[in-house]
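Colleague: Below you will find the structure I want to go over with you.
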Amino acid sequence: MAAEQTAEQFKGQARLPCFATPRRYDLRLTPDLAACAFAGEVAVGLEVTAPTRFLVLNAAELDVAPGGVSFAPQGSGQALQPVEVTNVPEDEILIICFNEVLPLGEGTLNIAFKGTLNDKMHGFYRSVYELNGEKKNMAVTQFESADARRCFPCWDEPAFKAIFKITLEVPSETVALSNMPVIEEKVNGSTKTVYFQETPIMSTYLVAVIVGIFDYVEDFTTDGTRVRVYTQVGKSAQGKFALEVALKTLVLFKEYFAVPYPLPKMDMIAIPDFAAGAMENYGLVTYRETALLFDEKHSAAANKQRVAVVVAHELAHQWFGNLVTMEWWTHLWLNEGFATWVSYLAADQFFPEWNVWTQFLEESTTGFQLDALAGSHPIEVDINHVDEIDEIFDAISYRKGASVIRMLQSYLGAEVFQKSLAAYIKKFAYSNAKTEDLWAALEEGSGEPVRTLMHSWTKQQGYPVVSVKLKDGKLHLEQTQFLSSGSTGVGQWVVPITLCCCSYSRQEKFLFNGKEEDFGLCGLMECKKKDDFWIKLNVNQTSFYRVSYDEELASRLRYAIETNKLSAADRYGVLDDAYALCMAGKQKLVSLLHLIAAYKDETEYTVLAHVITTSLNIAEMMAVAAPEELGKLKKFLIDFLEPFAQKLGWDAKSGEGHLNALLRGTLLTALAELGHEATINEAVRRFNVYLEDRETPLLPPDVRKSAYVALMQTVNKSNKTGYESLLRIYRETDLSQEKVRVLGSLASCPDPVVVREALDFILSHEVRNQDAIFLLRGVSSGAHEVAWQWLKDNWDYILGAYSGTLLTYFVNITVSPLATDEKGDEAEEFFKSRTKASIARTVKQSIERVRINAQWVKSIKAEADLANVVKALAHKN
């Protein structure tokens, strides 16, 4: 059989063949920071498990000289030289062919190679930083999902776990970091050789190497694990908050998972150029600066929360992902959904005053929005080519994944869930697992039919909307698949229903797995007066489904919101479901506007923030559907928001909480975007003081973005003073969070000419590639067509300069907000000849969103009473 093998049979395959398995890598790398290149050699300890003349492994963008490859079977004094070494760039594989069949058992494959420290933020790449006013390169790795192969030839799939012994030859003044602690350094003039401890058995995507000049802060956990936060020189004080969170998180997760943190140290480092938010490399976690650093004076409350949640997310992966690893990328959601959910568990433990479980609903909403598209995908998604992996690092894997885990935890109970999880981690430590393995552990621990319940949530895309109506004293429930297009899908789920009636003191729980069901209410009714009657399904929004109430039940819930009878999570859920149903043409916009008016006394940050987001989205659609009503709608929204803003003011009160700080920025930014004159004037006044004195207390970090957005409302092509002032701030600050605040505001101007200029700024050398998305996200609601035209004009450049997730952001952020069929046709035509595998799914989803917007615009136009209702609401106050 082995004699008949040919190189051709290994091409075009989704996975590597399994006739040889790596057990250990001895890897030596020599990066040349000035020349942006590296050389390396790797000795892979292999086990040959089936007869073969070939060894097939991954390599991409590496120069492997055939003379630098040999294989030495254990116990044989003779190394075998290959007869042919074939590089297959389209499959990112190296095929090594020998004259004879390799002996079964152990052996060592030696490969020498060279590569480039690229500027693409994946593989082994360079990031630029400043030291004493001079630009320098650092060398950084980012291997998830399949980019270790860009640094060294390897079996680059999660299931091929091995031990790594890493040695680096680097300039002697630099700091060299890897997954494990340094055991020895030998200095030889201008270079030094750094030897690291062996790693535990792990996947290639978790290997990390970093070389540069850094400062750090350090501390130790109660059980002696050394934790450091590395930063650019001069920024180490900004690492203290993340260090505090990390120390507490490692202790919490050790208890929660009932397994100690497996490595002797935990390093976390801020990288100036970084495509993702962070990456959970075993023992050496890499972050964007904005996700790790917190400056007491110049970071906002939102930055602090982001750092806490991201640090907890990455440290959760040390167990869930690194210790127990998914078998293949189909099970990515196990890593990401789980780490997302558990990061909120940690944040809630450390900062209970942040109400993070209410804020978690924003994660669910993002999952809902993507999963309501026909072009969504199941949580467990087939991956047939490496190019398809990056696109599933999306709201399905992270946010829907986290939401269904929360649903399951809520159904099984927190204690049973935690114990079963600990058993799962123990059983699969240092190996790989599939979704089925987690279900088996939870089923065993709980005695509940977990597999049956969860298959419908992870193996099919989408989710249900449960329609509820009251008839003959009974609740009639019906489930159908919810799609934002308004069409009906064919999916069916096992839905964990929770419901309460008139009060939270008694609740019903049951599994609803048919299409329809009647449910008796006797025993649940606690209303003394008919006026107090209301029914709420999906109590506290712990499950991943939407609810559509008949008109009577919906009006009762509106009254329950006005009279503050519902929990914050339920107030959020009622609005979120109503908005989604309205968009899908299942409910009229006028009833959604009446519902928004019911939140006039809202007290919870997350709920009010969601009211604001929803309102601004409606205004954006109204601008297309009924521009003549836009002024009245804006007046209604300004009148609605103004009392909240007046109560909070621009300046923080002493002893005020974290959530007020978040709300202040959200409110003032919204009022500025709606064109509220008093907000804009006050913002400009404060900004002018700040421009001359960066230490003024008049413009604290929590309201800075609001002031920048307000300032941009005063800018036009003939008066660009405000725009130029913001660029000045951008150029003078070295704080990434400040740069991001400015970028997020530059394109919020109503003048399309200025927006176009701001978009062009993205492509200048002044904006790091990782930060382009912040400017794109800030494009003003009237300028989406300008952004779309800009994308088309610059597409060839963008395609060359950006890759992976960053490229999908360009498509999604620019195309999705368009709202006419003409633009949908245009986008379809444009991408017909320009779609490649790595963006195909995103293109399809974005165009679908355009179609949904266009349909919503048509249904808004068809609402006969809209003008009267908007007029009445605008004059209500």
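Quick reminder: no glycine exception, Cβ is built from N, Cα and C everywhere.
TrEMBL does not curate its annotations; it predicts them automatically.
In case it's useful when we look at the structure, here is the feature table from TrEMBL:
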DOMAIN    22-206  domain 'Aminopeptidase N-like N-terminal'
DOMAIN    241-457  domain 'Peptidase M1 membrane alanine aminopeptidase'
BINDING   His313, His317, Glu336  Zn(2+) binding site
ACT_SITE  Glu314  active site, proton acceptor
SITE      Tyr398  site 'Transition state stabilizer'
DOMAIN    534-851  domain 'ERAP1-like C-terminal'
Colleague: Averaged over the domain 'ERAP1-like C-terminal' (534-851), what pLDDT does the predicted model reach?
Modeller: 97
Colleague: Determine, for the Zn(2+) site, the additional residues of the same chain whose CB lies within 8 Å of the mean position of the CB atoms of His313, His317, Glu336; present them in sequence order.
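Modeller: Here the nearby residues are Glu280, Glu314, Ala316, Phe320, Gly321, Asn335, Phe338, Ala339, Thr340, Ser343, Tyr398.
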Colleague: Taking the Cβ of Glu336 (Zn(2+) binding site) as the reference point, list residues of the same chain whose Cβ is under 8 angstroms away and which are at least six residues distant in sequence.
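Modeller: Expected: Phe393, Ser397, Tyr398, Gly401.
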Colleague: Within the chain of His313 (Zn(2+) binding site), which residues six or more apart in sequence place their C-beta under 8 angstroms from its C-beta?
Modeller: Ala278, Ala339, Thr340, Val342, Ser343
